[in-house]
Each structure stands twice: as structure tokens, then as C-alpha cells.
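Here is what TrEMBL records for this protein:
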type	residues	note
ACT_SITE	116	active site, pros-phosphohistidine intermediate
BINDING	10, 58, 86, 92, 103, 113	ATP binding site
DOMAIN	2-135	domain 'Nucleoside diphosphate kinase-like'
Ligand code: CMP
């Protein structure tokens with residue numbers, strides 16, 4: 001089933017010059033870019049995006065990180081796009097993510113893990129509406 005999913009290339013991806021390589025992985029897989037924008041977000045946008053995590057211990061440094069510099073917000077479309085993107089991204093912790101995945105190949109961190117991908121159809125719908133209300 002064709003789906004849309006929301007992806008963030010986090011500030012570490014921009015700072016490290018990995019945006020092109022990461023987008024190439026999604027495009028090479030066959031996913032279409034529906035929307036793409038580089039932005040610097042404030043704390044309110046970070047809190048809205050990570051609403052389910054704002055009370056967690058790990059959230060304050062995560063908020064500082066995602067507001068620390070430009071990031072790239074993307075909507076991708078393709079067959080089973082949500083699960084496909086999560087598989088390409090790899091496990092949350094870059095130290096444990098499998099080689100061959102984006103995090104497994106480029107991240108050594110649980111926080112600075114380069115990418116975010118929606119974890120369910122409900123999350124994708126909510127996140128796309130939050131970041132790209134015109135879609
Ligand atoms: P993401 O897929 O964007 O969803 C929530 C984010 O919180 C996650 O990627 C990581 O960047 C971060 N995260 C999750 N768990 C931890 C943790 N235990 N310590 C630090 N950061 C975390």
C-alpha cells in the first residue's frame with residue numbers, strides 16, 4: 001500500500017554534510033520526495049513534534065540538540081514507506097544499529113542519530129500535518 005511518512009534529517013546530519021548521502025539512500029530505494037525544507041526550529045516546534053517524549057529524562061538534551069541548528073524536514077512516499085524508512089534508518093541507538101543502515105553506518109549515539117522516521121500511520125499523519133500543513 002502506498003504510504004507517506006515524515007522524516008527529519010537532524011542537525012547532526014546537516015552539520016556533518018550527510019544530507020545528500022542520506023537522501024540518496026531513500027531515493028535509491030525508490031521512495032519519492034513529496035516535500036523537503038531546511039529549517040531551524042524553536043523549542044515549541046520541538047515539543048510539538050516530540051509530544052510523546054516531553055516528560056522523559058532524555059528529552060531536555062534532545063530538545064537542545066534538535067533546536068541547535070538547521071535540520072531538513074522531508075515527506076517521502078512509496079509502498080510501505082513507514083516500515084521501509086524505519087528499516088533504512090536502523091535501530092535508535094547508532095552504536096547498536098546494524099551496519100548497512102543509516103544510523104549503523106554513520107552514528108555512534110543514541111541521541112545524535114541523524115534521522116527520525118514516523119513510527120506508525122497515525123504518527124505519520126500527525127507529523128506531516130504539523131510540519132507541512134499545506135500537504
Ligand atoms: P527519534 O526517532 O527522533 O525519536 C525520539 C528520539 O529521542 C530518538 O530518535 C533519539 O534521538 C532520542 N532518544 C531516544 N532514546 C534516547 C535515549 N535513551 N537517550 C538519548 N536520546 C534518546
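Residue positions begin at 1 at the first shown residue.
Note that Cβ sites are derived from N, Cα and C of the backbone, with glycine treated the same way.
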Item to complete: Whole-number Å only: compute the distance from the Cα of residue 116 (active site, pros-phosphohistidine intermediate) to the Cα of residue 10 (ATP binding site).
Response: 7
Worksheet, complete the sentence: Other C-beta atoms within 10 angstroms of the C-beta of residue 103 (ATP binding site) total 24
Discussion item. Quick check: in three-state DSSP terms, what is residue 86 (ATP binding site)?
Written reply: helix
Worksheet item: Which of 10, 86, 116 has the fewest nearby Cβ atoms, counting only those within 10 Å, among these recorded positions?
Response: 86
Item to complete: Of 10, 58, 86, 103, 113, 116, the recorded positions listed, which put a C-beta under 6 Å from ligand 1? Please answer none if none do.
Response: 58, 113, 116
Item to complete: Could you break down the residues of the domain 'Nucleoside diphosphate kinase-like' (2-135) into DSSP helix, strand and coil, giving a count for each?
Response: 59 helix, 30 strand, 45 coil
Worksheet item: Tell me, how many other CB atoms lie within 10 A of the CB of residue 92 (ATP binding site), whichever protein chain they belong to?
Response: 14
Worksheet, complete the sentence: Filtered by Cβ under 8 Å and at least 6 apart in sequence, the residues in the chain of residue 58 (ATP binding site) near it are 110, 111
Discussion item. Let me check the 10 A CB neighbour count of residue 113 (ATP binding site). How many other CB atoms are there?
Written reply: 24
